[in-house]
Amino acid sequence: MDSLMLAYLFPISVASIIAFVFLYNLFSSRTLKNKKIRTAPMATGAWPVLGHLHLFGSGELPHKMLAAMADKYGSAFRMKFGKHTTLVVSDTRIVKECFTTNDTLFSNRPSTKAFQLMTYDNESVAFTPYGSYWREIRKISTLKLLSNHRLQAIKDVRASEVNVCFKTLYDQCKNPSGSAPILIDMKKWFEEVSNNVVMRVIVGRQNFGSKIVQGEEEAIHYKKVMDELLRLASLSMFSDFAPLLGFVDIFQGNLSAMKRNAKKVDAILENWLEEHRKKKNSVAESQQDFMDVMLSIVEESKLSGHDADAVIKATCLAMIMGGTDTTAVSLTWIISLLMNNRHALKKAREELDALVGKDRQVEDSDLKNLVYMNAIVKETMRMYPLGTLLERETKEDCEIDGFHVKGGTRLLVNVWKLQRDPNVWVDPTEFRPERFLTENADIDVGGQHFELLPFGAGRRVCPGVXFALQFMHLVLARLIHGYDLNTLNEENVDLTESPEGHVNHKASPLDLILTPRLHYKLYE
């Protein structure tokens, strides 16, 4: 009887246990899921397929629109850019979490169709995925071009090019007739001096300036091709966000234009590479430019699976693009702000006169002692960062500010809002360089202080910070020390930002009247 009962009850007991375990796991997993998965709020107004992309067609500056959305949704919220989910953040604490605790996860920079087509796809150090290849190229770039030792070695080259451009500037602003004042297009001049220095350091060439006669046709062609490259690179492509709409890019002709430009860029770089290869064994080490260095070491590097010539061309192109437009834009903003804050300009000139006097030009060795000048540069980069939005992509699931973030999610840091946070900065909309001499004196722009990130942060921070700062300080000091600057009728400068491009350009020209204030022999 007991055996029969046991035989009867056993299957029921087993079935009951299985059912209980199943139901327990079902409900507990749902409970745990609901408890664990907490995502950042999603902004309303997304369209099918396009997501929130339609919001960026209003003409409003993206960083200002996203800043207003952050005021509504919080310092971390999500948006849909076509097929891509994007986490938008604008808080110092959250940004620090992204680039310290989760820095490895956010070490990839999303690429675009434009950069894939025109900058050698994944060979470029700017967009190649984080890994052994990126680390090797980054090391080469940092040690062979951007290290303190290398910057010291190329100091004379930089100074030589700056001298040439300032001689050109002096010739331009002479007014022997004494008639109507001569207006100098400072945006154009800043572009010339930036390009000359960068081109000389990277590939040993000088490509801009009114005094160039030899190779002028080549210089004009190069500038035309590079201007087109930068214009096309700034375009938003439907295929980057919604592949189903990729036919629109073809219809608009953007893809074919990019492919044509890529061939022109490659032809220029290939020509330079062949010239460097021919003179490889005849250039003294002290006279080598960056392309020379790349040629001498790329074969010994751990770059298996990558075409050596493509690596050299891609790396040099990335350095040129990263060092020309950006420094010129920063210098334009600095002078624009000083023209609207003449007291700061006066204070900067007094610092220069006290340190340098009026019997010689500013030299590299003076720069470290120009404390107020350094504060001016920091304050300008705080108010008008080169990149108002910093983009990354996480490789796998992680947690940010208590929110679950799925692998593949893109990160968009609103640097502009971050650097105008009233909880961090006193009077954030006011141009006040003195803040970096007092309450914010310990903050620098190298990416270690997350309140101020004009050059980015984490593993992908701009490697050329020291190069850019040394160059900008030298040009700025020479300009303010050597010239009285004024606008026509002493009007204020328009500080409107341009909505176009990846770099935060000033929308209108910067035309100034320059009057030499030192002995004429110092300009020769």
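Glycine is no exception: its Cβ is also placed from the backbone N, Cα and C atoms.
Counting every protein chain shown, the number of other Cβ atoms lying within 10 Å of the Cβ of CYS462 (heme binding site) is 22. CYS462 (heme binding site) carries neither a helix nor a strand DSSP state and counts as coil. According to Swiss-Prot, the heme binding site annotation covers CYS462.
According to Swiss-Prot, the feature transmembrane segment maps to 4-24 (among others).
For the transmembrane segment (232-252), same-chain residues at least 6 beyond its ends with a Cβ under 8 Å from one of its own Cβ atoms are 49-51, 53, 56, 81-84, 112-115, 118-119, 258, 261, 500-502. Swiss-Prot lists 232-252 (among others) with the feature transmembrane segment.
For 319-339 (among others), the entry in Swiss-Prot reads transmembrane segment, with the evidence type sequence analysis.
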